[in-house]
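The Mg(2+) binding site annotation in TrEMBL covers 79, 153, 155, 156, 298. Residues or ranges marked as region 'Disordered' in TrEMBL: 230-249.
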Ligand code: 2IP
Ligand code: CA
């Protein structure tokens, strides 16, 4: 069912436009930041921000895709809750209304009666986005909507989205930080097995037009389902001198353990989705993360694309255990349908045990052998 893929790509394009608009309109952007509290707070940041753009984008995807595929109703989830508190202390439920006028009226209340901002956003939410992508038109994919569910990260790397610089100079193609690491991630998994089967990654801040200063985005997709593997990208080549991308907060002992394999070719970057994208694009051969600081909505879309390219994403803790006991044939990949037992809030959907993202099985084996041999 290529219609589902097309619908998700279109939803990601609309999302990217909303993300660009909120970042471009300074007055709008200032209105949009709200601190996360309680169990929804990502424990990694002292202060973690959720933006109204985040919530809006998630609701737009739910609305647009849910309208086209009623079987997906109740099976589209994301990082954000759609309750939003404005500076007057009113709690409002963010949703896409039947008409642009109604959405503008709701946003007017959420945005503390800022009419221009409400109208700008409502227009972006209700715009028609239709793609002219011959590669998508030509596809036939037998994916039944009633057997799948969706994880959305409306804007991954929220911190960089809020504070990131526009023109960070990349090191070996990888930006250590910056707006370019803010991504829209939409991943589809099979409800019964939890396997990731379809992914869309949209880069709203791929390039800035030097003349108009407008942002140009781009998107990537991949499908891996019942023997069908298709992607807008090709598998990157295996390199003789491999490199790895890590979180800047990765443990020193893991960095030391990886030195024998990578030497100086250790890169650091913000954004879990962005680091996975670096592997997808062949800018790094692996993303190794030793902690459970990513979530199902971070990894589902990139994981599906990696599988479409012949790679994958394993649970690092479980894979190391299997490796050490000699069970090396089938290292355990991440799945998306089971919450962490006993956890609450966002932690229910954490990728506990960390992860390794890879584009070549041969390279995953090198990572496993290197980490298993570390003192
Ligand atoms: C975050 C974001 C962070 C990442 C963290 C994710 O998602 O991608 O950048 O940490 O794991 O959960 P790091 O940059 O150290 O990899 P969000 O920004 O959507 O909360
Ligand atoms: Ca995220």
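Note: Cβ is positioned from N, Cα and C throughout, glycine not excepted.
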Binding-site residues whose CB lies under 6 angstroms from ligand 2, from 153, 155, 156, 298:
153, 156, 298
Tell me, if you would, which residue among 79, 153, 156, 298 (binding-site residues) has the fewest other CB atoms within 10 Å in the structure shown?
79
Is it possible to list how many residues within the region 'Disordered' (230-249) are helical, extended or coil according to DSSP?
0 helix, 5 strand, 15 coil
Other than 79, 153, 155, 156, 298 themselves, what residues in this chain have Cβ atoms within 8 Å of the centroid of the Mg(2+) site's Cβ atoms?
78, 152, 154, 157, 158, 183, 185, 272, 273, 295, 297
